[in-house]
Structures are given as structure tokens and as C-alpha cells.
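According to Swiss-Prot:
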SIGNAL    1-50  signal peptide
CARBOHYD  Asn69  N-linked glycosylation site
DISULFID  Cys82-Cys135  disulfide bond
BINDING   Asp95, Gly206, Thr214, Glu216  Ca(2+) 1 binding site
DISULFID  Cys165-Cys249  disulfide bond
BINDING   Gln177, Asp228, Val229, Asp231, Asp301  Ca(2+) 2 binding site
DISULFID  Cys191-Cys244  disulfide bond
DISULFID  Cys196-Cys207  disulfide bond
Amino acid sequence: MYGIEYTTILTFLISLIFINYIFKTITSTMDFIIYRFLFVMVVLPPFVKTQNYGVNLPITGSMDTPYINSTVSESFLTSTLCIYYPNDVTNQITDNKWKDTLSQLFLTKGWSTGSVYFKEYADLASFSVNPRLYCDYNIVLMKYDGNSQLDMSELADLILNEWLCNPMDVKLYYYQQTDEANKWISMGDSCTIKVCPLNSQTLGIGCSTTDPTTFEEVASIEKLVITDVVDGINHKLDVTTATCTIRNCKKLGPRENVAIIQVGGSNILDITADPTTAPQTERMMRINWKKWWQVFYTIVDYVNQIVQVMSKRSRSLNSAAFYYRV
């Protein structure tokens, strides 16, 4: 009887010692693995240059907020630059290889061959309808025209700023603008905009809501129109919807990866709608040369300074995106 009890106790003690040994072995092994992993994590980062990519936002999200995607200072060798120019350039420059020449000159400023793109547009009106800004950095050249100052100003306001836009059904609803950042942006082949302000009884002020001919015309046969009316008052609108799309837009802030260079003119265009504020000239520059070769030489010389006042972004912009988030 006593022998059986001693044997049971001895077996229990041996099992306890064995289990304790197993636990110590497992603990030592885990310590080794954890310490080795931590050692590797501490030692390797200084020797590895990684890039942290952000979340791929849906189309309804912000398309133009600059996202810093790199853990190190970014080199121009990894960026793309688009230069948009009017067709007047090709009418003046007869050299068929002028783009290759400029690419070689940009190479001397740190921009690799193939990272600089030259894109031609016919006129400001057509460019405003479909502003394809695909590069990391976008520079738009606008030749000054005294007869097109307002068109240039509206286009500059459109592409230099980020807008959040929603559809408008002008046949069914009244609309009002809440503040200075709230505008109605119309784009199309031919936009004619008429407005009728309403009082608190929804009766027209100086116009009849049932007769569009009594509405006040604020734009006529335009491709791009930014409409500003009195804030806080409902308006009935009449729009040529067959050839024009109008959106209720809110200016969210600057689009930092776009700059405009005005070619010619005595002063830089003022794109600020508020008459009480100083003109907005950020990322709006002027080159006063008569020849396009001289213009491009100046851009090559100052390209890195121009880019320094801009911010690289991670998404492109085209006209389809405009109708959701510009």
C-alpha cells in the first residue's frame, strides 16, 4: 500500500519536473526568436529606403489633397511634369524636334528623359471643358489676351483650386449660395445662364419665375462659367441644359500640384472673386517674353524653383472627375 503511494508521488514529481523543463525550453526559444526579431528590426531600417503608399481613395473622396507617400526626400527623377501650351507655340516654332531639345535641357536640371511631357491645347475655352491634369506637377502656359481676361481668370480659378461639386436640377428646385466659397460652375459646348432671385414667399424679385425671359442673364454662350450670386437668397435658374451642365460647388482649398504661367500682359490676372481682398497670385506667375523659345528657356531655368512652391499629389484629374470632385 505504501509502495503504491510512494510510486504515485514519485511519478507526479517526475512529471512536474519534466513539464517545468518543457516550459523553460519553450520560453528560451521564444525569447531567442523575439530578441532576434527585435534586433533585425532595429538594425535594418537605416539601410533600407522604403515607400509608404497611401490608401487608394474612391472617386467620391478628395482627389487633389497632397499625400506624402515617401519616407525620404523625393527626387525629381521619380516625378512627372506636364507642361500645357497653346497651339500658338507650334505655329511659331518650326523645329520638329523642339520637344526633344527641351527634354535634354530639362535633364540638366535633374528631370530625367521621359519625365517631362508637353501637351498642346487649342484654346482656353476647350481646355477648360476638359482639363486633363495627369502629372505629379502640372504647369499651364496661358498666353495673355486682353479680350479673354475673364475666361483666363475663371479657368485659373477652376484649376488652381479644389472644388467639391454636386448635380443641380434647375427645372425642379431653387438654389442658393451659402458663402463666398460656394459657386455654381457650368461647363459645356454652350452655356447661357439666367437667374431670378426670390423673396421669402418664393416670388421673383424683379422677375417672374414662370417667364425665363424676365430672368437676369449672367452668362451667354460660354464654355466655362463660374456664377456668383447674392448669398443666402434662393434663386430660380434657367440654363441651356442641352449643351451645358451646371454643378453646385464648394471651394475647398488650393490644388497644390498645379501652377499657371501667364505669358505677356502688364499684370498677373486676379482670380479672387472677393473685391475686398488682395489678388490671389500664389502659383500664378508671369513671363513677359514675345518669343516662345525665350519662354521655354526661362521655364527650364526656373523649373525647380517653380516646383518647390507646389506639392506632388497621387491622383490625376480629368473632366469626368470634375463632376464629382474637382
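In case you wondered, yes, glycine gets a Cβ from its N, Cα and C as well.
Non-local neighbourhood of Val229 (Ca(2+) 2 binding site): Gln176, Gln177, Trp184, Val195, Pro197, Val218, His235, each in the same chain, at least six residues away, with C-beta under 8 Å from its C-beta. Considering only the recorded positions Cys135, Gly206, Thr214, Asp228, the residue whose Cα is spatially closest to the Cα of Cys165 (disulfide bond) is Asp228. Within 10 Å of the C-beta atom of Gln177 (Ca(2+) 2 binding site) sit 21 other C-beta atoms, taking all shown protein chains into account. There are 11 other Cβ atoms within 10 Å of the Cβ belonging to Asp231 (Ca(2+) 2 binding site). Cβ neighbour count for Cys249 (disulfide bond) (all protein chains, 10 Å cutoff from its Cβ): 25. Fewest other C-beta atoms within 10 Å: among the disulfide-bonded residues Cys135, Cys165, that description fits Cys165. Annotated pair Cys191 (disulfide bond) and Glu216 (Ca(2+) 1 binding site), C-alpha to C-alpha distance, rounded: 14 Å.
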